[in-house]
Amino acid sequence: MANNRGFWASVFLALLLRLVLIFFSKKLNLGSRPEIATPLTSLRRLAEGYWLKQSSMSPYAGSMYHGSPLLLSILGPLTVQSVEVQTNHIKCSLMFVIADFITAMLIRATGQKLQLAYSQSLRSLDLLKLLETSKIVTAGDVAALVYLWNPLTIVTCVGSATSPIENLMVVLSLYGACSRIAPLAAFGWVVATHLSLYPAILIVPVILLLGYGSDSPPKKLFCLRNSSTSGSDPSNYSHDQSSGVTSQPGLPIHSFTWKPVVHFILWASIWSFYVLILCSISLNQYGGLYEMFQKTHGFILTVEDLSPNIGVLWYFFAEVFDFFRIFFLIVFHVNILFMLLPLAIRLNHRPFFLAFVYVAISSMLKSYPSVGDTALYLGLLGLFVNELADMHFSFFLFCGYVGVGLLSPVMHNLWIWRGTGNANFYFATAIAYALLQIILVVESVGAMLNHDRMLRKHLST
Amino acid sequence: MASRSSILLFCFYFFFFFLISHCFIVPIYAESNEEQGEEEEFSEELLLKPLPDRKVLAHFHFDSRTPPTNTYGRHHRLFPKAIYQLVKKFHIREMELSFTQGRWNYERWGGFDPISSSNAKPPGVELWAVFDVPFDQVDATWKNLTHALSGLFCASINFLESSTAYSAPSWGFRSHSSSLRYGALPTEAVCTENLTPWLKLLPCRDKAGLAAIMDRPSIYKGYYHSQRLRLASTESSSDEGKGTGIVLEQTLTVVFQPSVQRASSAYSGDRLLQPSWSIGSLFRRKVTGCCVLAKSSRVFLELERDLIAEIDKFEMENGIFGVDGMVSEGSWNNTSFELSVLPDKLIRDANGLHDRSSSVLYEFSVEKYSDSVPLNVGITWKLPVFWLCHQAPFHASRFLMGSGNERGSIAISLKSTQSHEGFLGHEVASSLTNSNGCSVRSIVFQVVPWYVKVYYHTLQIFIDGQPHAVTDVIEKIHVSPSEDKMSPGMLEVVLTFPCTMQSATLTIDFDKGFLHIDEYPPDANRGFDIPSALISFPDFEASGNFLKDNPSKSRLLFKLQEKRLVQSYTEVLLVPLTTPDFSMPYNVITFTCTVLALYFGSLLNILRRRVGEEERFLKSQAAMKLGLIPQLLAKFSAKLRLKQQGPPQPMQQSSTFGPKLLFKVILVAAVAVGWHLYFK
């Protein structure tokens, strides 16, 4: 109980810190940092789009706004400034604080569900000793606090980029999938895809979550368990796998259930239809849906804006010969898609972890990455604090993130503001950052696979 | 036979002669019958004017026009054929092209007179054109026109072809027109190679007439020179039988600093005197006669109203009246100045306010002068006079704010020159004064290139240093935001200020764009130019009124007579943009690809790696699954390879892979054979 009170206190403190920082946000001027506000998420561009719409022009006229028209309708009126008092989007920032809070709560709820499923499956595998011997922390609380106290989340929230809302939608979709509420999952997925395109790949883990239920040890462990309880030799369990999957009573062998998946697909089509209708209503007099897709998703796919960000693609496309541009565009985007299938095959028993890996990969390879995306996957990483306890390089990664987080603004300042540095310095930090993310993804996947092996070893001994 | 042929020949000759004579005589008849408007005309004029800051303005005005008839078919006596073809081909209704070097100093050289409002141009090249083509063809016509002009004037006007370089102002630049296109190249360097083709359009080129005094070094030594070409076609498109009437107006405006050499005056404060100058001292050449093809050839010397007022005041004190002066020894003498040549006529501006003096034009006709007696108009000051030029209601300037290469803001500042108070007492006041008191309107027209990404919602207006609500000040606004690599941004806004306002500042924020490495010019670190903004004051019109005394129908005076909006161009801004490292393409490509390869490789490796235990298990599983025949095969192959005597484990491995390998080899061979056959 005391632990719970501590949790709420720190949640409250995190929110308070945000409010205090928002009060000083004009001094901090975080909204124009390239690390925080990308062309897609910048609130300044949103305000410009809203202004254009108010002066009866298409919000996509000019290459300023690239976000969703719905976001424009919701956040737009909040961005209007009065002449005398420069409120500086305080209302918007409050929205983002609320979004952050809801995200954290959803992460917490998801974590509790995951933990329940985890201990349940361990119990069913008779590995309760594992539960008792090792110190199990409440992953949901940890993840929620990691999300809330992550400096990257805080600067994103204070800097008034719209990424908290995108993150909220992603987490909402995952939460819906975890608790098997197909309409919620579909809503989150549709809106997240509409906002930033990349969450589209989350359809794989969401369907797996809905079909199989939340993360559990590999199926063959259950088979192994079954075969050992039925008294046969573990060495020829494969024989049993083919025959005895459904037969054994008492052990929860997750088979794919189609009903929630069909529900999800149905709901997803309904929601996407609904979102498209809303968009076309709000863009009625202007270019319509075609212009919207061209200016939002098209803008994401054809990396048009070459302003520096923490990714590597801006410099690449600023330097690459025009002749090869399309080729490399295809290569970079296909790189995200390429890994989907192998990961889905290997991690299909852990769909939520799969979702985390997808989020991490897309935030690493996306056209306009920002620290808001990083904040999301770092928060989700907290959910696997038990499974990934023996991950390699975690200290190195932590130091790397801190180092890059400190160096990158310095290099940017040297290059852009002082003119003493060079684009290469900043690009070097971007490369280092990309490498760190790669190591994080690879090591976490490796650690998860090792965890499964460990479980298997426990089971077989 | 012979006689018949000679008769034939005679007939032919006669007919030929008749034809020729007809050809020659008919136009003469036509000329005598319809005096005006049916004949090609050319006139050359030069206006000289002392400026308050001891400089001299020389304004050449060449006017060629061809009437809307087919009298000569497609042939022209005076009118340049190149221009005629241009107008014909691109259906130009109006066009203006200017090449300018230097900046017109609105504070000292005037901002309210016809010369400054129509001839002061932004640095570099400015081109605008109104076409007479359907709406969807305007852009294509513009592109072709830029290329044609580029060839005609040896300038890189073809850079205006790209859609990022020109804009289509709706009302901010000129009155409403949908087929107007406007483009400016502020960086274009202007030099003699642009002047020579321009002079070639004159019937006498620079061999005779006023153009002959254009000495290149002295022109390009000036503080400001602007060479302008303006076309207006006067055709009535409904009238199919008639051709196109075109008016071609070529002007060259130069501001010189005359060298102070003659210190002949006995006046004590010699240094306070305005510098004395003459055509000979300014151009180092004298006018040696007119171009014989010109209908009229005149030189004017203008003394501004404020200067005349000053002189009048001075003379009033001394009890002498008027600037009329007296004639002495072939020169025009006066207490305050002396003209070196006797003017043919004196023209007063009828527009002058009743209580003030009006400006004065001295007219000199070039026809009387020749090689032996060259015309050398000059002025020698005897008394020190100081005057201020007539300024526009606001002095406009523009500057950049902010530091760093990420963002900044453009500020346009308007400072009241106080001169409009006087005007408001007269004709303007009635139209302006409403219930809230009087107000002054001004139109800002601003084009920004796409890499200066303007946030229009950040438009702020400060009046006398205090922020004002934008909606109170802006009467009308039209924005066409810039599309990346597609079109420039354009801002047209009508502002209404109270008369009592001292200064107003418009600020608007922008982000600096990042370009692709190929889009940078060779001198990337110099920065990028934002073309001049145009500020016009629709409540004020600059026009002289010399027409009453203009029986000679001077084109230049007609031009000065035209009512024109007072407008002023602001400075060109230089925006430094961040540059990437231009030497890095290969490095960046290889680094980035390495990172991607690392990601792909290591993740795939993690996914497919199995620890030893699993490995062994899989192996045994594979062995079990092989079945009878492969096992027999394996044993067979093992026996076959008994000679190798390797350890049993690898042998087994190789044997298990045997059939697979064999199958692969066969498959590859089959594919190769198929391929071969298919392509044979």
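Cβ atoms here come from the backbone N, Cα and C positions, even for glycine.
As annotated in TrEMBL, transmembrane segment covers the listed stretch A:298-317 rather than the other ranges in A:98-117, A:138-157, A:298-317.
Comparing A:298-317, A:323-345, A:391-411 for CB pairs under 8 angstroms to the transmembrane segment (A:352-371), the maximum falls on A:298-317. Put simply, of A:264-286, A:323-345, A:423-449, the stretch with the most CB pairs closer than 8 A to the transmembrane segment (A:298-317) is A:423-449. Of the ranges A:264-286, A:323-345, A:391-411, the one with the most Cβ pairs under 8 Å to the transmembrane segment (A:423-449) is A:391-411. Nonlocal intrachain contacts for the transmembrane segment (A:264-286), taken as residues 6+ away from its ends with a CB within less than 8 angstroms of a stretch CB, comprise 53, 56-61, 68-70, 72-73, 177, 182-183, 185-187, 189-191, 194, 203, 206-207, 210, 292. Long-range Cβ contacts of the transmembrane segment (A:323-345) within its own chain (Cβ-Cβ under 8 Å, at least 6 residues beyond either end) map to 198, 201, 204-205, 208, 301-303, 313, 316-317, 354, 357-358, 361-362, 365-366, 445.
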